[in-house]
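Quick look at what TrEMBL annotates:
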type	residues	note
DOMAIN	14-418	domain 'Major facilitator superfamily (MFS) profile'
TRANSMEM	12-32	transmembrane segment
TRANSMEM	52-72	transmembrane segment
TRANSMEM	79-100	transmembrane segment
TRANSMEM	106-127	transmembrane segment
TRANSMEM	139-161	transmembrane segment
TRANSMEM	167-189	transmembrane segment
TRANSMEM	224-247	transmembrane segment
TRANSMEM	259-279	transmembrane segment
TRANSMEM	291-310	transmembrane segment
TRANSMEM	316-341	transmembrane segment
TRANSMEM	353-376	transmembrane segment
TRANSMEM	396-413	transmembrane segment
Amino acid sequence: MHQPLRKVSNPYWVLGLLTLVNTFGFIDRIVIQTLVQPIKIDLALSDAELGILGGLSFAVLHALLSIPVARLAEQRSRVVIIAIGTALWSIATSLCGATANFAQLMLARIGVGIGEAAGVPASTSLISDYFPRSWRASAMAVFMLAVPFGAMIGGAGGGWIAQHYSWRTAFVAAGLPGVVLAILVLLTIREPQRGRFDQEAHASDTPPLKHVLRRFTEIRSLRYLVIGTTISTTAGYGINYFIPAYYGRRFGLDFAEAGMISGLIGSVPGILGIIGGGFLADRWARRNPRVYALIPMAGFLLTAPLYLWAFVQQDWVGFTALLAATALIQFSYIPISAAVIQNMMHPRMRASASAIVNLLYSLIGLGLGPLCVGALSDHFGSRDPASPAGGLQHAMMGFALLYVLGGLFLAISSRTVRDDLERATQGG
């Protein structure tokens, strides 16, 4: 007789499985950007409509539901919430492949967004109860490896399947593995004691949402960190969504080639940037906690000129090399900002805090980024219809300047982040 799976409390198993879940969540979220060009051709859509499919349709309910789901995660089993959300977004992704027009595809993308509202807030809260404060940036770095791994698998795999089969098959293949992962989460992860590594471990009451919001407004460094990363996330979502399409329009690459190169750009340099950012932040912050803001600041200020340089390249090799450099630098902020937010919150505020930031990143960043770049591309492209990539090129170059603004807000955050973290450590 087979023995049933036993729930475990090994932090490395939990972190590994949640990272895998987050990876497939990111694949399901961004595989559409690899499929932009075949969807545009098949369904005869404009760039603005493609921007809505990749951003706004996913982001609105995803963002609005993330806070109530996170509040539920402060009081109920985070493991169950993650499992249900994973199953939902995976099924909705597969359904994208069965759509026949813009409206149907938009509804399926809304379903993906609803399911993913449960993912990151509950997961980061769970990870914070498996790893002590001194290791959280490193743990978050591993968890956030889902971004580059998801970009690699979604880009390379989605592009290859679209080229050899169809974009519909690519959606189905992206969605199905998540159902298996949802079952594994439910059967193998044990719900830990909340706040067991923090001074507030004895607290049992969930603070009102207004108290969580008040911490964002009252903690100066946290406020400016969130503003700066939201601005830069908007730029990143807007630009990266159209990168595979730009390869096809500007350099004539097919779906498989564009997807493969885009996936590799987002994976290897992105992995190094995320691991390096988390590791360096944990290491250097022991001597100077200001690095929690200074590392992202430097990354954003360097990303803008690298993007501008990339978009004036005449061949795909030089363009790819510069995009790889931007991925190495810009992704370093992801684990750092996640760790700072968790460290500045009381244990029963963490899922809600993550959801609030996720709301901003999703509603503003993912919701408006691709839409604005798409609309600008249509606008500039109408002025020069002879150039298939001209409108998109000008739109993405303009959006790259947002990184400078994001870096300036991180510079302001760096002034007080040391004192704010010290107060949070002491329970303030």
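Cβ coordinates are placed from backbone N, Cα and C, and glycine is handled just like the others.
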For the transmembrane segment (353-376), distant same-chain residues with Cβ under 8 A (at least six beyond the ends): 33, 46-52, 54-56, 58-60, 62-64, 66-67, 69-71, 113, 117, 120-121, 124-125, 212-213, 215-216, 226, 229-230, 233-239, 241-242, 337-338, 341-342, 344-345, 391-392, 394-396, 398-399
Contact yes or no, the transmembrane segment (52-72) and the transmembrane segment (259-279), 3+ Cβ pairs under 8 Å, gap 6+: no
Tertiary contacts of the transmembrane segment (259-279) (same chain, 6+ residues out, Cβ under 8 Å): 33-34, 137-138, 140-142, 144-145, 147-149, 151-160, 162-163, 240, 243-244, 247, 253, 295-296, 299, 316, 320, 323-325, 327-336, 339
Distal contacts, the transmembrane segment (291-310) - CB-CB under 8 A, six or more residues away: 221, 225, 228-229, 232, 239, 273, 277, 280-281, 284-285, 318-319, 322-323, 325-326, 329-333, 336-337, 339-340, 396-397, 400-404, 406-407, 410-411, 413-414, 417, 421
Sequence-remote partners of the transmembrane segment (79-100) [C-beta within less than 8 Å, at least six residues beyond its ends]: 18, 21, 24-25, 28, 31-32, 69, 72-73, 107-109, 111-119, 122-123, 126, 167-172, 174-179, 181-183, 185-186, 189-191
Most Cβ pairs under 8 Å with the transmembrane segment (106-127), selected from 12-32, 139-161, 167-189, 224-247, 316-341: 12-32
Recorded stretch that, among 139-161, 167-189, 224-247, 316-341, has the most CB pairs under 8 Å to the transmembrane segment (396-413): 224-247
